[in-house]
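Q: Summarising the annotation, TrEMBL assigns divalent metal cation 1 binding site to Glu124, Asp235. According to TrEMBL, the feature divalent metal cation 2 binding site maps to His161, His186.
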Amino acid sequence: MPGAEFVDVGVNALDSMFDGVYRGKRAHEGDIARVLRRARSSGVRSIVVTAGTLEESRAAVALARGREKEGGEEPRVFATCGTHPTRCGEFLSHEDGGADGYMRALMTIAMDGKRTGDVVAIGELGLDYDRLEFCDAETQRMFFEKQFALSEATGLPLFLHMRAACDDFMTIVERNRHRFTAGVVHSFTGTAEEARRILACDGLYIGLNGCSLKTEENLEVVRTIPLDRVVIETDAPWCGIKPTHAGHAFTTPLAEWSPPTKKEKYNPDRFVKDRCEPAQIVYVAQIIARVTSRAVEDVARVTSANAARVFGV
């Protein structure tokens, strides 16, 4: 898309797939630098690397700090700092001071990262009632609410996760609205009514990716969301857009790196089959453009402005 510039607000760049490891087995060399160069060539100006634990927060900041922030062959790289709902048990099992020690460590990372410009959001935090086998609902609620202390102290926005928990999620967010500046409910797959409830809360935006565009019902929901409250993401290496997805028909392959090759036949100049990349943010924009009767360039411009407004990226 000549001239279009994108911001990918959610990339799991720490995932082992970008180190060439799939389900514990190495398939190829690590290629995060190539992945980032492809993203920049596709028009991605900035990405936000998401963290879901204390250790991931440290690693995300290290990755962001190790990349150029201006004018190179890669997008600008930023990080989040926080604990995912399914990982909130780590607060209780933390060996250095328990939950209070864990929170102090997160606070240090967030404060230092804000000062250096590497951390642009608190997250990924929220509620996930689809995966209670990893962390029970009570523990999730407790440490979701406690992490608002991070946004309150730093003034950073929130990168939020909500799965099958809209009522409890919005109750906690609304109760703590005075403690954060803005936020994104990322990877949204909910109903039109859930979208309306989110957007009724001033300062909240909705993040759309391939998982948001799977079904005809998803596409109908997207049509109801004002573009000025949308940011886009890939959630790479997850949430790729597959041929079976309703939105796939509205995409045009990025020919330079297509067709994808299987990981076992890795080609450094091609996408890897079933591994999403930030470059594929273009597909997300293409689908949103088609279902909302807009130009892709318009989707890129508005969503990038929204990302800049929320995260400063």
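Yeah, the Cβs are placed from backbone N, Cα and C, and that goes for glycine too.
Note that TrEMBL annotation is computational and uncurated.
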Q: Find, for the listed binding-site residues His161, His186, the residue with the lowest Cβ contact count at a 10 Å cut-off, counting only other Cβ atoms.
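A: Counting other Cβ atoms within 10 Å of each of the binding-site residues His161, His186, the minimum falls on His161.
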Q: Is it possible to get the count of other C-beta atoms within 10 angstroms of the C-beta of Asp235 (divalent metal cation 1 binding site)?
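A: The answer is 23.
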Q: Return only the integer: C-alpha distance in Å from Glu124 (divalent metal cation 1 binding site) to His186 (divalent metal cation 2 binding site).
A: 9
Q: For His161 (divalent metal cation 2 binding site), name the DSSP secondary structure in the helix/strand/coil scheme.
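A: DSSP assigns His161 (divalent metal cation 2 binding site) to strand.
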Q: Which whole-number value in Å describes the distance between the Cα atoms of His161 (divalent metal cation 2 binding site) and Asp235 (divalent metal cation 1 binding site)?
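A: Roughly 12 Å, rounded to the nearest whole number.
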